[in-house]
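Each remark here refers to the structure printed beneath this line.
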Amino acid sequence: MTTFVLINVTLLAILIATALTISGMRTLYAATMLTALFSLVTACLFVLLDAVDVAFTEAAVGVGISTVLLLGVLSLTRSREAVTPRLRRLPGAVVVLFTGGTLIYASQDLPEFGSPTTPVQTHPLTDVYLRQSQEDIGIPNTVTSVLASYRGLDTLGELVVVFTAGVAVLALLGPLMQPAEAREREVLDLVDYRVLRVVTGMLMPFILLFALYVLFHGDFGPGGGFQAGVIFASGFVLYGLVFGLDRAQQVLPRRVLWVLIAVGPVLYAGVGVANMLLGGAFLDYDTFAPDDAAAGQHIGILLVESAIGVTVAAVMTSIFFGFANRVESSR
Amino acid sequence: MIVLEIASGVLLAAGALFVISGGVGLLRFPDFYTRTHAAGLTDSAGAGLILLGLLLQGAGWETAVRLLIIMLFLALTSPTSTHILAHAARRDGVPVWREGDPRR
Amino acid sequence: MIFAVMAALLVTMVLALVRAFLGPDLYNRILAINMFGTKTVLFVAVAGFLFGRPDFLDIGILYALVNFVAVVAVLRLTHHDEPATGRNGDGHS
């Protein structure tokens, strides 16, 4: 137990030190890199708390995609933070202190870490989810059961949020040029990195295979549609970074991506409508296999997770392409 | 089985030693290129040894396959990132440290 | 022995962190953060054995991959008109 506490204290100390250093930095590239480090440490803490799915998401999103997107933004703007006059920092400091104070005050009400008497432990609903889900749905990872089946409607809402956000960002990034219209660019900077190209070429199939594994293994271990989508996207981002945007867009044309963005919500809602046509409620997967409820749940969860994966991957990849297009055309 | 345990312990200890020495080197070496040496070389060796040590702990084949995949990934990516970093630094004209230069 | 490895990993993480804070230039930071990432992969793997949860290893695979993507991205997307080197003006002010 003491080792556990010691590890946690070390990681939290690293976390606080990183946060303080980031806030003192003016060079934004270095700050972005440290943000990635911050995410790595957070993910480690999630692992220690046994929140495997959250750790998965934090690693995939925090370290991979958001670092890439932040760097993409930075390469379009200035990379040094402007100096704010001391006087104008005052309101910010007041807000920060007030919010922080409120949070610390609120944390007094939190139950003790690992306490067995919290509502999470004692409420009958926990038992329902943990035990009943094994009979209803029969997959070991309860997180997936709750996410895709019990709270399927909420997850549909989340998917629509991802869809809307993706469409909004793409609309803001403006009219994108076709690869053919783009001016003849000089050969990419990374072209002379032959080792990098060979290694990336070797890694690509493994990355896509790993993403598929995460998608389909989400029933049994950590992972699922969101994480798999982000891994797919990081694979394509890596490809675009190393081999250039044109080749990446030949592999994944923008029109295909835009269609794929819409495919996810349509497929997800379509599953629900199909359930209704089969005589059940919206997103009642049992109707897929009337004799064996668990089998129907498996089919439903698989379809829904795939829908999530497709949309997340397409949104992330198109946003990256959008930024990278602007970066290249601004050079 | 006791042989396996001892071998695993030895590998883990060696890995820990490599990892720590890599960390000290990263902090203490005088310039970027020498630090690349500390980070890259000892890192691959340390990671490889630790993962091998874990492999010999004798968990099921599923764990073994995952450990091997991590080893493969690290063996491919870690040297590559060190290489491209050093390459980019050289292209950007980061000077090489010579005996007697100040530390940077 | 696993505990010793865990301790070694944490110490190395702190050392890499100090290098990432000190800089002095972007390359040193990237190097330190890359090393920190490898240590995280090992940390997750070792933690999986420590707590008897081998499915942690999936996360380790993901970290190894994502770390690589981040390093490639930072090299590809940094400005070229603003050299990444140079100590002046870096860090705290």
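Using N, Cα and C of the backbone, Cβ positions are placed for all residues, glycine too.
Please treat TrEMBL annotations as automatic predictions, because they have not gone through curation.
According to TrEMBL:
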type	residues	note
TRANSMEM	A:6-22	transmembrane segment
DOMAIN	A:14-78	domain 'MrpA C-terminal/MbhD'
TRANSMEM	A:29-49	transmembrane segment
TRANSMEM	A:55-77	transmembrane segment
TRANSMEM	A:89-107	transmembrane segment
DOMAIN	A:121-176	domain 'MrpA C-terminal/MbhE'
TRANSMEM	A:155-174	transmembrane segment
DOMAIN	A:195-317	domain 'Na+/H+ antiporter MnhB subunit-related protein'
TRANSMEM	A:195-216	transmembrane segment
TRANSMEM	A:228-245	transmembrane segment
TRANSMEM	A:257-278	transmembrane segment
TRANSMEM	A:298-324	transmembrane segment
Inset, instruction - Restricting attention to the domain 'MrpA C-terminal/MbhD' (A:14-78), give the mean pLDDT. - result: 86
Legend entry - Stretch of maximal Cβ-Cβ contact with the transmembrane segment (A:257-278) [cut-off: under 8 Å; candidates A:155-174, A:195-216, A:228-245]: A:155-174
Legend entry - Distant-in-sequence neighbours of the transmembrane segment (A:298-324), which means Cβ under 8 A and at least six residues beyond its ends: 65, 68-69, 72-73, 76, 137-139, 144-145, 148-149, 152, 155, 159, 162-163, 165-166, 169-170, 173, 176, 211, 215-216, 218-219, 224-226, 228-230, 232-234, 236-237, 240-241, 245, 248-249, 252, 254, 257-258, 260-261, 263-265, 267-268, 271, 275, 283, 285, 288-289
Legend entry - Residues from the same chain, set at least six apart from the ends of the transmembrane segment (A:155-174), whose C-beta lies under 8 A from its own: 147-148, 258, 261-262, 264-265, 268-269, 272, 283, 304, 307-308, 311-312, 314-315, 318-319, 322-323, 325-326
